Every structure is written in C-alpha cells, then in structure tokens.
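Read through the structure below, which is laid out as structure tokens, and then see the notes.
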Amino acid sequence: MRRERYLEKIEYIVEALSEIPERVKTPIEVSGVFYNLLTSIESAMDISAMLVKDLGGRVEDDYSNVEMLKELGIIDEELAEGLKKCNGLRNWLVHRYNRVDKELVLSSVEEVKALLLKFIQRVEDVLEKIEP
C-alpha cells in the first residue's frame, strides 16, 4: 500500500485545519478559511479514492467512494453522511465561490474539522491493520 502518500495527505489535512483561525476579520482571512476547508475536504476525498482502490474496489465519484467505504465497514453511516456533506460544501465553494453564504460556511468550520479528524483516525486505524 502507499502508506507514505496517505500520511502526506493526512498531514496536509491536519496542518490546513489547524491554520484556520477561530475568528476571521478580513476578506483575505475568509478566503484563507475557504481555501483550507476546500483543500482539506479534497484531500479527504483523495484518501477515500485511494482506500477504495487499495482495498480492491472500483474508484468512482467522491460520493460513491464514501459509500463504498461504508459498505466495506471502514466508516459508519454517520461519518459517511458527514463526509458527503463536506464534499457538497467543497463543491459549493468551488463552483459558486462568488455567491457563497460566508456566514454559513464559517459556522460549519468546527463541524467539518471534527468530521475530517474522525475520518483521519479511521484511516490511520485501517493503515495500522493493513501495514502495522
């Protein structure tokens, strides 16, 4: 398995999430929060695809990959639904950036952080079982 690549992506997510300030005051800070959320979620979706492939599944779209991880018992229903919502937020940030509800996104930061950190923990558990 490509353990190093997983660990690089995990490290990126943890670092990007830790750089998000508790309060944002300026437009550039808001943009930074949006970017770090977007790229953290994207990295989590990359990890999902990598896991699906490395566990013998067929890689599809992000939502299907998350669903496959649920079916394989890697993540539970609650985490799967949370990751799908995160991916929806990522898509919204990418495709509707100029019309994004800033307050809605900022109010979801802590929830997204918690979900991604929970996902990382599950991935680390799986990696430990596969490649101790």
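Numbers run from 1 along the shown chain.
Cβ from N, Cα, C; glycine included.
Features of the protein shown, as given by Swiss-Prot:
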ACT_SITE  Arg90  active site
ACT_SITE  His95  active site
MOD_RES   Tyr97  O-di-AMP-tyrosine
MOTIF     90-97  motif 'RX(4)HXY motif'
Request  = Rank the active-site residues Arg90, His95 by the number of other Cβ atoms within 10 Å of each Cβ and report the first-ranked residue.
outcome  = Arg90
Inquiry  = I need to check the long-range neighbours of the motif 'RX(4)HXY motif' (90-97): which residues 6 or more away from its ends have a CB within less than 8 Å of a CB in the stretch?
reply    = 34, 37-38, 41-42, 45, 105
Request  = Just give the helix, strand and coil counts over the motif 'RX(4)HXY motif' (90-97), going by DSSP.
outcome  = 7 helix, 0 strand, 1 coil
Message = Across the motif 'RX(4)HXY motif' (90-97), what does the mean pLDDT come to, as a whole number?
response = 82
